[in-house]
Amino acid sequence: MSVMVARKKVVRKWEKLPGRNTFCCDGRIMMARQKGIFYLTLFLILGTCALFFAFECRYLAVQLSPAIPVFAAVLFLFAMATLLRTSFSDPGVIPRALPDEAAFIEMEIEATNGTVPQGQRPPPRIKNFQINNQIVKLKYCYTCKIFRPPRASHCSICDNCVERFDHHCPWVGNCVGKRNYRYFYLFILSLSLLTIYIFTFNIVYVALKSLKIGFLNTLKETPGTYPSMSLTVLTVLEVLICFFTLWSVVGLTGFHTFLVALNQTTNEDIKGSWTGKNRVQNPYSHGNIVKNCCEVLCGPLPPSVLDRRGILQQEESTAQEGSCPRGPGTQGPGQAQEGPSVLSPQVPAPSVSDTETPEEKQRTPGELPVPSPDAGRAEH
């Protein structure tokens, strides 16, 4: 006998989300699929700081102050915390329209634009929205089937619409948007300070060693703990990494400080949304640097609208084979279809489940049935 058992498989919403994202820890971590440069970022930060703590910090703590490694550790931990917070969080992805919502929006667009003659290009799908007495255009996204909110844009790498989209940063392995921009800014700011700190004390380390034993001897003895290592292989490596990182990271921090002061995004700055020919003023700016910085960096953080860990239940039916008792009045599985031809049409054929006794219904699959003593008596 074949028994159909319905089992419910718990499926999280992140497993069905469209777009090109990677999820870990049951949907708690959300990143882009291209994570190679993010791993390079981790390697450069961890490697440079490990060399600094292993060699220069011990010497500087004895010769100058024990606060040097402590302050370096605080900067390092803060930079790593903000990096991981930026990389592993939802940047502000906007859910795509459901089929019913998309159909309703299409009906609205057709009612507004009317029928377009064949061979003629349809008008752009744009809605006008007023913010602080300034007209802002809401553009239609053909991928997500929605009118994007103000300042939102579609990321071609992650294939998602992101609210207050700034840019896609491969160094953090994620988009930078409304929900993680402040952490991104704090990351590049703390990384700039950490880079300047390590670069400065590397120079101080070499200078102190040169005053004692000379510059050439310093090159031979560096890093000091391992005399067999000739020249300044590790120290020079640290200085080179910090030198080239210094210009890029510090310059990036200065650029984003300028954007925060104007309450503007990188995407808006590149497109020239508020500095075009018409000289349209930025409707999101408060006209005050302090107010703009407070809104961007200290304003309330909106919750994620994806509900990544929400539950979707799907029923799956699986068949289990079990043996059926064969008594004088019980039909086997192969004879169940021949019953209606023997019985009269007025009498319905009893189903297999009706002939089962309570003991048979409670037995586990694969257990041999125990025939009831009343079964033969009822047949006679």
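From the backbone N, Cα and C atoms, a Cβ is placed for every residue, glycine too.
Features reported for this protein in TrEMBL:
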type: DOMAIN; residues: 137-271; note: domain 'Palmitoyltransferase DHHC'
type: REGION; residues: 315-380; note: region 'Disordered'
type: TRANSMEM; residues: 37-55; note: transmembrane segment
type: TRANSMEM; residues: 67-84; note: transmembrane segment
type: TRANSMEM; residues: 183-208; note: transmembrane segment
type: TRANSMEM; residues: 228-250; note: transmembrane segment
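The DSSP breakdown of the domain 'Palmitoyltransferase DHHC' (137-271) into helical (H, G, I), extended (E, B) and coil residues amounts to 76 helix, 19 strand, 40 coil. Confidence in the domain 'Palmitoyltransferase DHHC' (137-271), given as mean pLDDT, stands at 84.
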